[in-house]
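Reviewing the structure listed below.
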Amino acid sequence: MSKVTQIAHPLILHKLAIIRNKNTGSKDFRELVEEVAMLMAYEVTRDLPLEEVEIETPICKTKCKMLSGKKMAIVPILRAGLGMVDGMLKLIPAAKVGHIGMYRDEETFKPVEYFCKMPQDIHERDIIVTDPMLATGGSAIDAINALKKRGAKSIRLMCLISSPEGIKAVMDAHPDVDIYVGDIDERLNEHGYIIPGLGDAGDRLFGTK
């Protein structure tokens, strides 16, 4: 069964409040999304396996713990998921980055895939799918479907804010995928947008309409 983790760290909630503010411009919005992604990545990677290694300090030899070299991949859902990648790469710079492009049909609210490019060994990697907003859950579900078709077995989903409906939809469709969110909002409105939300994350990241 999926595990849902709300990473309610004071720094994350503070930065999310600024991100939500309609008066926050694209430059600050981009920087804050990157910062929150980096802070969240700290928790998302908490259970990475460690191994004991021997190193030599300027004083003596000693044993320390280091990451065991498990392969990782970050897969942003385009466009908005791109804004979270650089923050995560600061903590896990060896991760490879795949891309899934989706847009939402404004009439059906359903996602349409238009691009997918993955590392050749994606099936061997622990994958973190990124999208700032988990609204209906449709894009995340389809992105995870696309990864599983390519043999992926270890997948986590990381979002800045989510709706209860989106969380339930992903859990029902993919009970093996753990979900990490910065904040859980009230609900979706009749147009499928998160309330109170933060607007269109892609438009606010890139200054488009």
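Cβ atoms here come from the backbone N, Cα and C positions, even for glycine.
Since this is a predicted model, take the numbers as computed values, not measurements.
Sequence annotations record features per position, and here Swiss-Prot assigns 5-phospho-alpha-D-ribose 1-diphosphate binding site to Arg79, Arg104, Asp131, Pro132, Met133, Leu134, Ala135, Thr136, Gly137, Gly138, Ser139, Asp200 based on sequence analysis. Under the heading uracil binding site, Swiss-Prot lists Ile194, Gly199, Asp200, Ala201, citing sequence analysis as support.
Everything Swiss-Prot records as a feature, shown here on the structure.
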residue : record                                              : Cβ within 10 Å
Arg79   : 5-phospho-alpha-D-ribose 1-diphosphate binding site : 18
Asp131  : 5-phospho-alpha-D-ribose 1-diphosphate binding site : 29
Met133  : 5-phospho-alpha-D-ribose 1-diphosphate binding site : 26
Ala135  : 5-phospho-alpha-D-ribose 1-diphosphate binding site : 25
Gly137  : 5-phospho-alpha-D-ribose 1-diphosphate binding site : 26
Ser139  : 5-phospho-alpha-D-ribose 1-diphosphate binding site : 26
Ile194  : uracil binding site                                 : 25
Gly199  : uracil binding site                                 : 17
Asp200  : uracil binding site                                 : 17
Ala201  : uracil binding site                                 : 24
For the recorded uracil site formed by Ile194, Gly199, Asp200, Ala201, name the remaining residues of the chain with Cβ within 8 Å of the site's Cβ center, in chain order. Ala80, Pro132, Met133, Tyr193, Gly197, Leu198, Gly202, Asp203, Arg204
For the C-alpha pair, I'd like the distance in angstrom between Ile194 (uracil binding site) and Ala135 (5-phospho-alpha-D-ribose 1-diphosphate binding site), rounded off. 6
Measuring Cα to Cα, how far is Gly199 (uracil binding site) from Met133 (5-phospho-alpha-D-ribose 1-diphosphate binding site) in Å? 10
Give me the CA-CA distance between Gly137 (5-phospho-alpha-D-ribose 1-diphosphate binding site) and Ala201 (uracil binding site), in Å, as a whole number. 15
Taking Arg79, Arg104, Asp131, Pro132, Met133, Leu134, Ala135, Thr136, Gly137, Gly138, Ser139, Asp200 as the record's 5-phospho-alpha-D-ribose 1-diphosphate-binding set, what's the max Cα pairwise distance in Å, rounded to a whole number? 17
State the Cα to Cα distance, in Å, between Met133 (5-phospho-alpha-D-ribose 1-diphosphate binding site) and Ala201 (uracil binding site), rounded to an integer. 7
Reduced DSSP state (H/G/I helix, E/B strand, rest coil) at Ala201 (uracil binding site) is helix
To the nearest whole angstrom, state the Cα distance for the pair Asp131 (5-phospho-alpha-D-ribose 1-diphosphate binding site) and Ala201 (uracil binding site). 9
DSSP three-state call for Asp131 (5-phospho-alpha-D-ribose 1-diphosphate binding site): helix, strand or coil? coil
Ile194 (uracil binding site) falls, by DSSP collapsed to helix, strand or coil, into strand
